[in-house]
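Here is what Swiss-Prot records for this protein:
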- 109-114: disulfide bond (DISULFID)
- 120, 149: Mg(2+) 1 binding site (BINDING)
- 149, 170, 172: Mg(2+) 2 binding site (BINDING)
- 170, 173, 320: Mg(2+) 3 binding site (BINDING)
- 173, 174, 175, 176, 284, 314: substrate binding site (BINDING)
């Protein structure tokens, strides 16, 4: 593990942190003793005496440099935002994703025989991923509060309220299929300030997912920069910008989750039958991250996870649905919980759950009309004198 950590920190330069933030602590509930000898965010990360992030700005502080394919993660972020705190946080999370990707490839899949607050069994790799992400947020010095699906309580990370962020994450979505060698991933959303309740997904300033499969990728979007962007982990341990998605087109690809709901949700059964009749390509792995990511990569398709009287909502709004909704909508797609975008749902409790669909415009219109009779996205037909 020490070797993997060391290789991750090679040639990484992060923006300077104000000394006033140097005392931030990882929450006491996070035991990092096992990581002490090979800390990912310790002295091995080279800190500069000057900020390494140079952003070209006009007088009104608008960005004047366009990001390009081939940019490193640091180069991309320096061009995409003037917020050095956000740059640092996203860089630190990138370091954590890199290490989690290595551990997923080499992990033992034995269970720890423990469960989280929600009752889900945690695997050893879940626990490690959780620790690494909390450590990354602590080391960023710009995270005020954080919580995870495995530790669903606000943890004070010691960062500032003004100019700082609060982060919610699912450390390893799909950990139960690691042993099958399917792709799995990490999801996180970034909100400004110190609030993770009383907010909506549209309030996010950034969201991202890490995908650990044949390739390790870091897919992110920023509120003030167009598109959703994919970074590939190269052999030398650097993230390289390889894809920009700004449009989700129409195409016959479907990814239906929670199919047991079709037994007592006739409208969902009708929708699934439509996909089959129209000869859609079925691509579903059971891992939400790769299943949603394919819509961004292929630039087409639909993902659904629908509820019924006996198949209740399982997907968590804060940790999964809102961050992925942000990525999809920044990519030019749409999201829905049936009557509105998932980004417009207020997070009232950390454990709020919902049904969801992500996809192209026409697919989301079809989803809403089939399940609820009408769609907010469909343009009204002119009548009377307006016709």
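Glycine residues also receive a Cβ, built from the backbone N, Cα and C atoms like all the rest.
Location within the structure of each feature annotated in Swiss-Prot.
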residue : record                 : Cβ contacts under 8 Å, 6 or more apart
170     : Mg(2+) 2 binding site  : 148, 149, 186, 187, 188, 316, 319, 320
173     : Mg(2+) 3 binding site  : 184, 185, 186, 187, 287, 288, 289, 320
174     : substrate binding site : 182, 183, 184, 185, 285, 286, 287, 288, 289, 290
284     : substrate binding site : 255, 256, 257, 291
314     : substrate binding site : 258, 305, 353
Binding-site residues listed as 172, 175, 176, least Cβ neighbours within 10 Å: 176
For residue 174 (substrate binding site): DSSP state (helix, strand, coil): coil
Local backbone state of residue 320 (Mg(2+) 3 binding site), from DSSP in three classes: helix
Which of 149, 320, all binding-site residues, has a Cβ with the fewest other Cβ atoms inside 10 Å: 149
CB-centroid shell, 8 A cutoff, Mg(2+) 2 site 149, 170, 172, site residues removed: 126, 129, 130, 148, 150, 169, 171, 173, 175, 186, 187, 319, 320
Conformational class of residue 284 (substrate binding site) under the three-state DSSP mapping: coil
